[in-house]
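In what follows, a single structure is set out as C-alpha cells and then discussed.
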Amino acid sequence: MKKLQAAHLRKPVTPDLLMTPSDQGDVDLDVDFAADRGNWTGKLDFLLSCIGYCVGLGNVWRFPYRAYTNGGGAFLVPYFLMLAICGIPLFFLELSLGQFSSLGPLAVWKISPLFKGAGAAMLLIVGLVAIYYNMIIAYVLFYLFASLTSDLPWEHCGNWWNTELCLEHRGSKDGNGALPLNLTCTVSPSEEYWSRYVLHIQGSQGIGSPGEIRWNLCLCLLLAWVIVFLCILKGVKSSGKVVYFTATFPYLILLMLLVRGVTLPGAWKGIQFYLTPQFHHLLSSKVWIEAALQIFYSLGVGFGGLLTFASYNTFHQNIYRDTFIVTLGNAITSILAGFAIFSVLGYMSQELGVPVDQVAKAGPGLAFVVYPQAMTMLPLSPFWSFLFFFMLLTLGLDSQFAFLETIVTAVTDEFPYYLRPKKVVFSGLICVAMYLMGLILTTDGGMYWLVLLDDYSASFGLMVVVITTCLAVTRVYGIQRFCRDIHMMLGFKPGLYFRACWLFLSPATLLALLVYSIVKYQPSEYGSYRFPPWAELLGILMGLLSCLMIPAGMLVAVLREEGSLWERLQQASRPAMDWGPSLEENRTGMYVATLAGSQSPKPLMVHMRKYGGITSFENTAIEVDREIAEEEESMM
C-alpha cells in the first residue's frame, strides 16, 4: 500500500484547468462565460472572424504590387522571415492577452495600469481607420451597383464626364498580334469614370476646399454603415454568424477569378512578371522593411481586433493552433490573390501591346481603375465585375466588423453596468457618429482627406503602441508570469522561439520599422497633387496624438497612487487587484478568486501589489517572486 501511495505521489497529475481542449474533449462553450458579456456560439466563429479580419483589401491590392516591385519571387524570403519574427509572435501575444483576461483593449490594462494609455491609443487609431475604411466600402458598393447593367459605364468614352483626352485603351491587331498603344497624354475611360464621375474630384481645388457632398456617395456610405450595424447588432453572436459567409465566400470568388485569369491569353506573362525572382533586391534594406510592413499591417496587430475577438473565447480555447492557421492562411491568400490579379494584368498588357509594369498599380488605382478596365475586355464583363467588387465588399466588411466591435467592447468593458445592458443603442450611436464624421469623405475633395487619414492615422503611432504593448507585457509584467498565464490556459508554456521574439526580435524589428518610417518620411500626395504644409502638420499631429496618450495614461495612473514618485510608479506598474481570468473557476494559484461575491481568500498578487506590512500571505508571496526570478535567470 505504501509503495502504491508513493508511486501515486510521484506521478505528475495535470489539473483539468491546465489541459488543452484536445485533452479535455469537447468543451461546453456556454459554461465558461459571464452571461451578460456574450461569447462566441462556436469555436469556428472565432477562427473565421480572425481570418476575415486579417484577410482584407490589402491582400488583394497591396501585396501583389509590393511583391513585384521588391524582387518578385525573391520577396517571399523576407516576407516569411518577417512573418516568423514579428507576425506570428505578436499575433499570439495579443490573442493570449485577450483570452486570459476576457477583457477589451482598455480594461485589459489591469495587467499594468501604468500603460493603460496604450489601450486608449488603440481606440483612437481604430476609430480613425474605421471612418475612412467604411468609405472604401462605400466606393465598392457604388461600383457593385454600377455593374448591374448590360454595358459597364466605364467601358467607353463619350459620356458627360469624359474629356478630349479619353481614349479607349484597346490594342488593335495586325498579322503578328497586338500593335502597341501610345498611352502617353491619354486617359482610359475607367480612370475618368473613377476620378471625374465617382469622386468628381474636378469640383475641388484641394484638401482645403472639399466642395459639395456627392449624394450618391453619401447614400452608399449610409448603406455601408447600416450593413455594419445590422451585422454587429448582437455583438459577436450576430457577427460570428455573418462571417461564415463573408470570410469564406471571397475564397470562392478568388478561385473563380484565378481560374478565369490563368486561362486568358497572356496570363503567363503577368504571372512571370509577378514572381520572377530578382535576388539582388535582397541586398536592399528597403525590401526587408517593405516585407515587415506588409506583415505588420495585413495581420492587424495593434488595432485591438485580435484582442477583442479572443476575449470572447473559452478560457482553454487552443489559440496556439489558431495563430498558425490564421497567419499562414493570410500569407497564402495574399500569394493566391497575386496570381489572380497579375494573370488578368498580363492579358491586359498583351491586349494593349504594352509592358505589364505600365498597367500595374497598387491600392485604389488597382481596384477602381486598372482591374475594372481589364473586366471590360472580357466576355460577360458585368458578371466578372460584379464578382470582383462583391469579393472586395465581403473582404472589407469583415475588417470593419472587427474595428467596430473593438470600440464597442472596449468602452462597454470599462462601464459594464451602464453600457452593457444598452449595447445595441451604444453600437448604433457609434455608427451614427462615425457616419457623420465620415461625410467629409463624400465631398468632391473627399479623396484628399481619405489619403491623409490613410497615411497618418495608423502609421508610426500604431508601431509605438505595439512596441509599448510588447515591452509592458514582457519586461514590466514579466515574461515568466506571462508564460505561466498561458500555461494556465493551454497546458504548456511558450517555447524559446516565442520568448526570444517577445523579448528581443519583435521589439527590435518594430523599432527599426519606426526609425525607417521617420527617416524615409515623404509628404502625402495623390496623383500630381501635393498636400499643403498645414495638411501635413495635421497628419503628423494625428499620429502624435495616439503616441501622447501613452504618457498621458501614465500620468493619470501615477496620480491615482499614493507615496513617493518611485512608489507610485511601482504600484501603478503592478497588476490590478482583480487582474486574471474573469471566472472564479479559472482562477488558480496566485489568482485565487477575488471576484464579486467570492468567499475565497484574496489572491497573493493583491498583497504583493498593495500591502507593505506583515501579512499572513507575505512569505508565500515572496516565495512566488523568488521562483519567478529563478526561472527568469535560468532562461537567460
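Cβ atoms here come from the backbone N, Cα and C positions, even for glycine.
As given in TrEMBL:
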type     : residues                                                    : note
TRANSMEM : 46-64                                                       : transmembrane segment
BINDING  : Gly52, Val55, Asn59, Ser298, Asn330, Leu395, Asp398, Ser399 : Na(+) binding site
TRANSMEM : 76-97                                                       : transmembrane segment
TRANSMEM : 118-145                                                     : transmembrane segment
DISULFID : Cys157-Cys166                                               : disulfide bond
TRANSMEM : 213-233                                                     : transmembrane segment
TRANSMEM : 242-268                                                     : transmembrane segment
TRANSMEM : 288-312                                                     : transmembrane segment
TRANSMEM : 324-348                                                     : transmembrane segment
TRANSMEM : 383-404                                                     : transmembrane segment
TRANSMEM : 424-450                                                     : transmembrane segment
TRANSMEM : 456-477                                                     : transmembrane segment
TRANSMEM : 497-519                                                     : transmembrane segment
TRANSMEM : 539-559                                                     : transmembrane segment
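Of the two recorded stretches, the transmembrane segment (497-519) does not lie close to the transmembrane segment (539-559), with fewer than three CB pairs under 8 Å once pairs fewer than 6 apart in sequence are set aside. Taking every listed stretch (118-145, 288-312, 456-477, 539-559) in turn, the largest tally of C-beta pairs under 8 A with the transmembrane segment (383-404) is reached by 118-145. The closest partner of Cys157 (disulfide bond) among the binding-site residues, by CA position, is Asn59; the full candidate set was Asn59, Asn330, Asp398, Ser399. Cα spacing between Ser298 (Na(+) binding site) and Cys166 (disulfide bond): 36 Å, rounded to the nearest whole number. Cα spacing between Asn59 (Na(+) binding site) and Cys166 (disulfide bond): 31 Å, rounded to the nearest whole number. Note on the transmembrane segment (424-450): residues 127, 130-132, 134-136, 138, 199-207, 209-214, 217-218, 221-222, 225, 228-229, 232-234, 404, 407-408, 411-412, 526, 529, 531, 535 of its chain, located 6 or more positions outside it, place their CB under 8 angstroms from a CB of the stretch.
Set side by side, the recorded positions Cys157, Cys166, Leu395 differ in how many other CB atoms lie within 10 angstroms of their CB, and the most is found at Leu395. Highlighted: of the candidate stretches 46-64, 118-145, 242-268, 456-477, 539-559, 46-64 has the greatest count of Cβ pairs under 8 Å to the transmembrane segment (288-312). Reported as a whole number, the C-alpha separation between Gly52 (Na(+) binding site) and Cys166 (disulfide bond) equals 38 Å. Taking the mean position of the Cβ atoms of Gly52, Val55, Asn59, Ser298, Asn330, Leu395, Asp398, Ser399 as the Na(+) site, the remaining residues of that chain whose Cβ falls within 8 Å of it are Ile51, Tyr53, Cys54, Gly56, Leu57, Gly58, Thr333.
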